[in-house]
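So the structure is just underneath, and the comments pick up after that.
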Ligand SMILES: Cc1cc2nc3c(=O)[nH]c(=O)nc-3n(C[C@H](O)[C@H](O)[C@H](O)COP(=O)(O)O)c2cc1C
Ligand SMILES: O=C(O)C(=O)c1ccccc1
């Protein structure tokens, strides 16, 4: 299917400007956060904005992008380049995807449905979190023939049959890649949520628990344990489900085998920050990693995710697909992460701000902005494509 090129967005956007037609939402990417703050409750805004401790990791993530500058080449006679990229032997229209983000109904009543619909519309891959307000099946329906992956918060060991059920449902509903998040077996120290006494899952309105509540194995186990259906004691069921997702204790490298036995597509480990762990990932035989520090939400004082990207790429980049997130805010940031060796870059908070500002339209707006700026940046820098042949470290200068 022909995909809309971001160049069209760029032309559309400028053409609208020529007709004096102002956009509903600003194109200034750094303003989305402040606008979402005005729109959301204190608790919901605190949840998305929140970071661990003094926010040093989050600050480091942003600062790391500023330590690289893009070097343009002149008199390069190219058409606007294709942004297509290939991962796991499959072609993707764009080298960005939507990071797994849970509990999206606290940001907009349409939650994951809005995001998954926008993903389809904009030809961007959607990664469904395990902690959602919408089931695996209903998100797949909203995403239709779009590209989607499934992120696993890995239920505690004794619940392996629940894990198997989650994977079976994801596979049956067209999720192509399994993303296993390793850095959130317990929630980080997030002062904004603690100050607001805010834990989205333990409220009575099914926030973040729908994949569990719609899971036949979880439902049966809850009944066996309590003699009750989930609907008879939603609070207890939510607490039980969240304990499953975030059990307070990490799995081990040996446990990856179980996932490999129950998933026949690519597996990607999210949350890798060291060469040693990237090598472990290679040894256990997964296909990719997400170099990520969870947007600084999990621990204070961590190294910037972008800072460790090049050394991890040097160590395993020819054997594993490297995906990147944490701190990406605009098209130029995407260029830098791709140039440093990532094949795909995940957009996190910005699309949630878009969701808060305008539901599906707001998410589309954010994706279109980032894609348009990504392509224009490449074009004006004389970089013909996102292929590593053209987009690599030679286009960057370390400036600090
Ligand atoms: C509100 C919120 C919820 C998140 N939920 C999840 C989740 O369910 N699973 C997961 O793997 N990561 C989750 N993340 C982390 C993102 O996938 C991603 O790593 C992070 O947002 C990247 O940082 P950035 O937003 O600063 O760019 C969440 C992030 C936010 C902001
Ligand atoms: O808030 C997060 O960062 C996160 O990863 C999460 C964890 C559990 C449920 C929802 C989101």
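Numbers here mean position along the shown chain, with the first residue as 1.
Glycine is treated like the rest: Cβ placed from N, Cα and C.
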Subject >> TrEMBL annotation, glyoxylate site containing 153, 190, 294, 297 - matching residue among 9, 14, 47 >> reply: 47
Subject >> CB contacts for residue 190 (glyoxylate binding site) [other CB atoms within 10 A, all chains] >> reply: 21
Subject >> Inter-residue Cα distance where the pair is residue 294 (active site, proton acceptor) and residue 190 (glyoxylate binding site), in Å >> reply: 13
Original post:
Over the residue list 47, 153, 190, 294, 297, recorded for glyoxylate, what is the maximum interresidue Cα distance in Å?
Top reply: 19
Original post:
What three-state secondary structure does DSSP assign to residue 151 (FMN binding site)?
Top reply: strand
Subject >> Sequence-distant neighbours of residue 297 (glyoxylate binding site) in its chain (C-beta under 8 A, six or more apart) >> reply: 50, 51, 52, 58, 188, 190
